[in-house]
Amino acid sequence: MNKKSVRDIELNGKRAFVRVDFNVPLEDGKITDDKRIRATLPTINYLIEKGAKIILASHMGRPKGEVVESMRLTPAAERLSELLGKPVIKADDSVGEAVKAQIAAMNDGDVLLLENVRFHAGEEKNDPELAKQFAELADVFVNDAFGAAHRAHSSTEGIAHLLPAVSGLLMEKELEVLGKALLNPERPFTAIIGGSKVKDKIDVIDNLLNIADNVIIGGGLSYTFMKAQGYEVGQSLLDESKLDVALGFIEKAKKLGKNFYLPVDIVISDDFSADANTKIVEVGDIPADWEGIDIGLKTREIYADVVKNSKLVVWNGPMGVFEIEPFSHGTRAVAEACATTSAYTVIGGGDSAAAAEKFKLADKMDHISTGGGASLEFMEGKQLPGVVALNDK
Ligand SMILES: Nc1ncnc2c1ncn2[C@@H]1O[C@H](COP(=O)(O)OP(=O)(O)O)[C@@H](O)[C@H]1O
Ligand SMILES: O=C(OP(=O)(O)O)[C@H](O)COP(=O)(O)O
């Protein structure tokens, strides 16, 4: 990576404003998955070791510039304190005199977590005034929030122009792993794209067709490809406005000599519930009042075989409605193939990461990204503003 990291600067006695992504799922005020907090421990421990004063900043949810009690970062502060085995001071705001006083009282190696930066309307507007207020709190800026690196906000981008700005160790690792896949992939390189909306995945499929050897399509977005080829898809998820784009991808794959895999059989259901009737049919045999809900047995075998014979696999998006048990088997088959292949496996955050956790296979993957949207944009070949703004080496 050509950006400076915490390893490249003097930190002893310095106040470090560290942007993290503690946007973790909460249920009744309890954190249900602390992966994003655990992922920042290497950076925080490194800064403690180097004698910095650590001022952590994060967003939580989308409070739209107002204080929303259920989106406070208090549970994250408590969890971080447990994980670090030391106190974490929690501020009630992310800027202002009270926060400044708390920071002035910090000793080297102390950790403070600011309140949700999105409680200020300026944050998402990348307001330079708010960025200035953040910058006044610290001597250096460390960006370890890979999950928010695709956002140009005051605490991710604006502040980077006002202080020496470097990446944290998580950010560095994410960029290294994903960057290698993009620039210098081991081949055969297989990309698996699933999920629900074609619209959200167009750019990534387009770019992956350029760089991967095999592109595998599953999940709700596969029906637009089937319909584009003239097959009936019944009540399955469909984006009529993207039929031409879908056909274009099939043609592009042919032209570039890439292997483009679509489901050959499908689990269909007569209702979107666990007690629905289901059966497996060939492509084109979906009755008008049934919908495709998962990939079929033959498809699972074909996809697992491709994964087995790959050297690098990048997976983003489930193969079916994995949240409902009877429709989870296709996603499980792909997760198992990724867990057992000798290929280097990268999971692009979001729902695929949740699926791997659910099937207890997460620790068998080589890298699970902490960013869903961010890893997608990165794989699309887009520049991430939170990274671009950091200091070059
Ligand atoms: N065949 C399908 N029909 C409807 N929804 C599906 C199907 N396959 C997968 N999904 C849903 O897609 C969702 C995941 O989509 P996600 O990966 O977040 O990307 P997207 O941005 O495309 O929605 C899951 O909630 C899953 O249930
Ligand atoms: O959870 C996040 O997005 P992700 O689920 O796409 O990884 C990030 O914290 C970014 O949040 P945002 O999409 O509200 O800017």
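The backbone N, Cα and C atoms fix where each Cβ goes, and this holds for glycine too.
In sequence order, H59, M60, G61, R62, P63, K64, G65, M71, E124 constitute the residues six or more apart from R118 (substrate binding site) in its chain with CB-CB distances below 8 Å. Look at TrEMBL and you will find D21, F22, N23, R36, H59, M60, G61, R62, R118, R151 tagged as substrate binding site.
TrEMBL lists R36, R118, R151 with the feature (2R)-3-phosphoglycerate binding site. Reduced to three states, the DSSP call for R36 ((2R)-3-phosphoglycerate binding site) is helix. Here the Cβ of R36 ((2R)-3-phosphoglycerate binding site) has 23 other Cβ atoms within 10 Å, regardless of which shown protein chain they belong to.
Mapped onto three states, the DSSP output places G349 (ATP binding site) in coil. Here the Cβ of G349 (ATP binding site) has 23 other Cβ atoms within 10 Å, regardless of which shown protein chain they belong to. Taken from TrEMBL, the feature ATP binding site covers K201, G292, E323, G349, G350, D351, S352.
Counting every protein chain shown, the Cβ of D21 (substrate binding site) has 27 other Cβ atoms within 10 Å.
Sequence-distant contacts of D351 (ATP binding site), defined as residues of its own chain at least six apart whose C-beta falls under 8 angstroms from its C-beta, comprise G195, G317, P318, F322, G372. With the fewest other C-beta atoms within 10 Å around its C-beta, N23 stands out among the binding-site residues N23, S352. Checking Cα-Cα distances from D21 (substrate binding site) against the binding-site residues (R36, R151, K201, G292) with a 10 Å cut-off leaves R36, in sequence order.
Cβ neighbour counts within 10 Å, taken over all protein chains shown, single out G292 as the most crowded of the binding-site residues G61, G292, G350. Annotation for K201 (ATP binding site): spatial neighbours I193, G195, L221, N316, G317, L376, criterion Cβ-Cβ under 8 Å with sequence separation of six or more. Highlighted here would be the binding-site residues (D21, N23, R36, H59, G349, S352) whose C-beta falls below 6 Å from ligand 1, but none qualifies.
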